[in-house]
Amino acid sequence: MVAPAICCISATCGSPMMKHAWDNYKRYAWGLNELKPISKQGHSSNLFGNIQGATIVDALDTLYIMEMKEEFKEAKEWVEKNLDFNVNAEISVFEVNIRFVGGLLSAYYLSGEEIFRKKAVELGEKLLPAFNTPTGIPWALLNIKSGIGRNWPWASGGSSILAEFGTLHLEFIHLSHLSGNLLFAEKVMNIRKVLNRLDKPEGLYPNYLNPSSGQWGQHHVSIGGLGDSFYEYLLKAWLMSGKTDEEGRKMYYDAVQAIETHLIRKSSGGLTYIAEWKGGLLEHKMGHLTCFAGGMFALGADGAPNDKTGHHIELGAEIARTCHESYDRTSMKLGPEAFRFDGGVEAIATRQNEKYYILRPEVIETYMYMWRLTHDPKYRQWGWEAVEALEKYCRVDGGYSGIRDVYNNHQSHDDVQQSFFLSETLKYLYLLFSEDDLLPFEHWVFNTEAHPLPVLHKDDGNKEENQK
């Protein structure tokens, strides 16, 4: 069963899924942020304010990697003529950074087209006022015309969120590299200074930090939503620096040590999971977002201190298995938004508001890393199960839609084709069934939206300067 999967996805199936998603976006929502595939019209999320074209920018590198040349060309033309950041609108700094800045940077590095570099730097400059806080910890929301920032009203005591301010590093280092403006790098290095001065409860990083006082908000720790990509970027900052960023490396492995001690648990059925920590008490639930951590542990295994390489790979494999179980225990073989290990259930969502699937990539991302790092065929097998489930339950005439309840055989669609489905889910599937020399890990690091950025070596700086 695996053999047809390999030829099918990398040669034909990966692109047909992408083609179906892209063609329908183009037909019904061209130039808008996302597609409503059932209603066959555009969908706008308030995360991007009035900036338009999220799906186009997010999909650029996927189109390029899959050699969808015509589609890439029309996407590039749209960016040249229509991608406009001069809007009076409040945006999510984090979302705009990972999707738009990340997407433009990656498209530039893959294609060499100057327009993408120019737009990435222009947008990066518009994000800089977010750092105008007493500590330099950026606001979550920014009006990119007025430069006025604020935080989410629901965040603990006016705090910024760990995963949001901790997921700017890769892109901002590249913005400095491509523009010669060191301010981008200085802003993200300062975030580390603030974090390193603070006491960490049990060595853990709470999800909330007040940008005015520089103190933690409530002591809630999660490797899923609100925390996740902070840890990922510590590891990837070290990898992207050609393994010279010792500060990033130390922060990552120290954090993993604390996570192992305080958050990683084994269920009575033998499934390893990562719990959430609330003021010292554990909540035995794991989010779909947390499933990226299997791939992270495996990716970081090679640099693990004290001969722990094998242990980190094993940890990655255990998380991958648990996340596969969360898929396997549903009717649709697609995983819920969150699943629990309490009250006699294991890897199952028990609350109605956690049973949905919005085309998320994290489980497939972990399969891709585990495949590349171990070549155990079960990861391709599991990826193929996900392809079949996506085709059976999420594919509709007008694209791909999320599902409201993965335990119910009668699918109820949420009518959104998320931009990250094209950027991440389909790209990770394609890479899972491709040869290892397509975007090899020694040369490329993926941002948290699956946008590949090149590893920077000490002598790279001059090369870029000379190209201009």
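Cβ from N, Cα, C; glycine included.
Residues or ranges marked as active site, proton donor by TrEMBL: GLU95 (among others). Counting every protein chain shown, 21 other Cβ atoms lie within 10 Å of the Cβ of GLU95 (active site, proton donor).
Counting every protein chain shown, the number of other Cβ atoms lying within 10 Å of the Cβ of ASP228 (active site) is 25. Annotated active site per TrEMBL: ASP228 (among others), in sequence order.
Annotated disulfide bond per TrEMBL: CYS291-CYS323, in sequence order.
Summarising the annotation, TrEMBL assigns active site, proton donor to GLU337 (among others). Sequence-distant neighbours of GLU337 (active site, proton donor) (same chain, 6+ apart, CB under 8 A from its CB) are GLY287, HIS288, ALA349, ASN353, GLU354, LYS355, TYR356, TYR357, ILE358, ARG360.
The active site annotation in TrEMBL covers GLU362 (among others). Around the Cβ of GLU362 (active site), the same chain contributes HIS288, LEU289, THR290, CYS291, PHE292, CYS323, each under 8 angstroms and 6 or more positions distant in sequence.
For THR448, the entry in TrEMBL reads Ca(2+) binding site.
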A correct count of other C-beta atoms within 10 Å of the C-beta of THR448 (Ca(2+) binding site) gives 26
ASP228 (active site) to THR448 (Ca(2+) binding site), Cα to Cα, whole Å, comes out at 10
Students should find that the Cα atoms of THR448 (Ca(2+) binding site) and GLU95 (active site, proton donor) sit apart, in Å rounded to an integer, by 10
